[in-house]
Amino acid sequence: MALRHLISPLDLTEEETTRILDLADRIGTHKEAYAHLAEGKQLATLFYEPSTRTRLSFESAMLSLGGQTLGFAGAEQSSATKGETVADTVRVVSCYADIIAMRHPKEGAPLCASMYATIPVINAGDGGHYHPTQTLIDLLTIRQRKGRLDHLTVGFCGDLKFGRTVHSLVNSLVRYPGNEFYFISPEELRIPDYMIERTLKPSHSTYREVSDLEETLPKLDVLYMTRVQKERFFNEEDYIRLKDTYILNKEKLELAPSDMPVLHPLPRVDEISVDVDSDPRAAYFQQVQNGKYVRMALILALLEITDPLTGEKVL
Amino acid sequence: MALRHLISPLDLTEEETTRILDLADRIGTHKEAYAHLAEGKQLATLFYEPSTRTRLSFESAMLSLGGQTLGFAGAEQSSATKGETVADTVRVVSCYADIIAMRHPKEGAPLCASMYATIPVINAGDGGHYHPTQTLIDLLTIRQRKGRLDHLTVGFCGDLKFGRTVHSLVNSLVRYPGNEFYFISPEELRIPDYMIERTLKPSHSTYREVSDLEETLPKLDVLYMTRVQKERFFNEEDYIRLKDTYILNKEKLELAPSDMPVLHPLPRVDEISVDVDSDPRAAYFQQVQNGKYVRMALILALLEITDPLTGEKVL
Amino acid sequence: MALRHLISPLDLTEEETTRILDLADRIGTHKEAYAHLAEGKQLATLFYEPSTRTRLSFESAMLSLGGQTLGFAGAEQSSATKGETVADTVRVVSCYADIIAMRHPKEGAPLCASMYATIPVINAGDGGHYHPTQTLIDLLTIRQRKGRLDHLTVGFCGDLKFGRTVHSLVNSLVRYPGNEFYFISPEELRIPDYMIERTLKPSHSTYREVSDLEETLPKLDVLYMTRVQKERFFNEEDYIRLKDTYILNKEKLELAPSDMPVLHPLPRVDEISVDVDSDPRAAYFQQVQNGKYVRMALILALLEITDPLTGEKVL
């Protein structure tokens, strides 16, 4: 079998995605069966920009499979400061480790890495580009909450212009039949034209761009919140005027269906009020837990380790 | 049993403290019996400010129990830079790991963390507040050297105003009967009033505030040295005038009883001369070794792992 | 047996060097036999300056022996910022770990460390001084490619003035009979006088200082390339004029013997063109792989672990 990497969520077919999500579910319910499968294997976490949550999740995933980890947590710790190319770095790390998780501020760096590595590379986020493990986490959480990934009305709220996780999840959801989208954002942070032209129109998806969260909430099966960053606005008045509109709190949540999960890729600042945390619809910490299981599943899949519960390889 | 954390040394009763110290002693003498007890468990070291010694000690402790570690070594590596609250961070980390050791420059942060974590939290130092593992190390070392924790005359020397480890150890020692204290410091660095009003007077402890180390040495059962930091003084002349007075060297040590251990929480700069290191009374590297055993004992206790030598849980 | 450290490559006799290289070769071909030998042991990586490649190689080596790692990746993470001496730090770390790999910008720091540590210390590079594991890697790679370490004509090209790895490898190669050297560099970056006076002349080695790479290539059994750093030159014109002369590319390589390995300690910037990478003479990624095996061999040797394939200790 050829060496597999995961650079974009669409590197996996729908069927392969289903197999990864199924495995993540099995890992969550049968942890012991998977606790020693990666013994003697090493994951290198090459993080050219800090991302504690993602790095710790990958490390915890590898350790929970019985494997080991090594790596760096920021560019200042890497050989990049000595002018080394990403290509050389991954060739070197291929001599040390068995699989790489790479985070890089430059779009395309993990793809470039995968061309030179002799071990599998997982993209752990590259600039505004891809973050495929987050997309798998989002899919798994929606599937656990709603029982399906098709015929859903999904609302995305907040910064839809720069929100990499939003674009990535939309790209995956249009592959399933019958999904409809509400894009809820201020004018300044609307979903980019290229998402409309290259993803939504070609897939004949039904979508609406709206600006009012409260009005939209009753119509949704799933709500995906994102952070509205102050620095995205031209002036502070606009920011202050707009940000409250896109904050979800207990009061607004009363307008939503009782089985509408609220997702958020975290970290949040104040776009979801803490009084929502205890609501059963809050799904963002479940996403965190799923993050570990999805990454365990991916490591097993790319290392071509047989799943002991099915007796088969995953991919 | 309810989830236990260790935020302040006084979270442990005297009896519980004794049980932790006893276990630390057993670990020191029977390392092999404890080498695999935490297999499959993960310690997250969340260090919002660097503290190599403490972090490495926690990591070594967990590894020596057969467990694994993950975490970050400074705030710039954490999601705090993205505005995430400590509460959210520990909820996230609770999805990855089994126990947390947290160091934070802000007093109260570990207590706050313990309210949101769903796994045990050990305070690894919060600002000028608590450093409970250091206190347990100090108690263990005194007990090993003197055979008891009561009826001791203990001298504290140096910076008694800002010395967190001093306040913490005094708070613990007043719980044992018959202990007396000498507080040896320059006027500028005297023990704070609140230690006198809230700890020493309520416990009816005998204590004296003095300024002369040499005069006091012959009266002591135990000497606890601390660092006198230049930046604590209003002007350089005062610093230069005073600092030599509070430096312990071989010559001054001749005035002390032959069985008076010298403790220091380390790192030292020059407040203990290196010619003291070879004196059998020097106990500061023994403290370092005890640091590992105490942390192993705490991890076992908070993870509710049964001690194989006693067949019982620790707490 | 007395505690052994590795501070300079010459700390090992020729015979001991051979034994380390033999073991590294065995590890490369029988990984499974060595996969659990360091279980329960901990390597502390004390890196006072960043060096990702070297740190990851040491960590991967220890993990591949079944051991564990802990440490810090830069001085800002160490207690050095609190004024602690290297002597105190290694005494502390001796209480936590079983073996130390230390990188330090100050020459002599690892030697000093070895005087205070109660566990073995491996020098992972100290300023312009020593980098003994790199030298062992270079020797192993040459021996694998040429079948011997004697009677070789070795060319060193680039920055021979500041190139620590060059000096170190020459110091080792003069111990084997019949080796000859070409030192290929611009005037500004010639091999230092002390190398000539203290190493080359006393060993009666044949050597030539030349400035033309292309003319020299046909005469070489081995070529060792190094980086020419811009900041070494007095002015930019000299740099631009000279640097191309010392860049190895596919075209120049045609002038070299078909079995002349090209070594480079990495990271490279542009002194070896990427079109050389696919040439079978390119040996620099083999060096990286050997780096892991050499470090595994050293850890086993210094921890006095018996080699299961020979039934003997290494040193």
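Glycine too: its Cβ is placed from the backbone N, Cα and C atoms.
Between the candidates C:Arg19, C:Arg26, C:Arg91, C:Arg103, TrEMBL assigns the carbamoyl phosphate site shared with C:Arg53, C:Thr54, C:His131, C:Gln134, C:Leu266, C:Pro267 to C:Arg103.
In this structure, the C-alpha atom of C:Lys82 (L-aspartate binding site) lies 27 angstrom from that of C:Arg53 (carbamoyl phosphate binding site). Between the binding-site residues C:Thr54, C:Lys82, C:Leu266, the minimum number of other C-beta atoms within 10 Å of a residue's C-beta occurs at C:Lys82.
Taking the C-alpha positions, the distance from C:Arg103 (carbamoyl phosphate binding site) to C:Arg227 (L-aspartate binding site) comes to 20 Å. Chain B comes close to C:Lys82, taken from the binding-site residues C:Arg53, C:Thr54, C:Lys82, C:Arg103, C:His131, C:Leu266 by a C-beta to C-beta distance under 8 angstroms.
Long-range neighbours of C:Arg53 (carbamoyl phosphate binding site) (same chain, six or more residues apart, CB within less than 8 Å of its CB): C:Leu266, C:Pro267, C:Val288, C:Gly291. Around C:His131 (carbamoyl phosphate binding site), the same-chain residues at least 6 positions away in sequence with a Cβ under 8 Å from its Cβ are C:Asn123, C:Ala124, C:Gly125, C:Arg164, C:Thr165, C:Ser168. Note on the domain 'Aspartate/ornithine carbamoyltransferase carbamoyl-P binding' (C:4-144): mean pLDDT across this stretch is 94. Proximity to chain A (CB-CB distance below 8 Å) holds for C:Arg53, C:Leu266 among the binding-site residues C:Arg53, C:Lys82, C:Gln134, C:Leu266. Between the alpha carbons (Cα) of C:Arg227 (L-aspartate binding site) and C:Gln134 (carbamoyl phosphate binding site) lies a span of roughly 15 Å.
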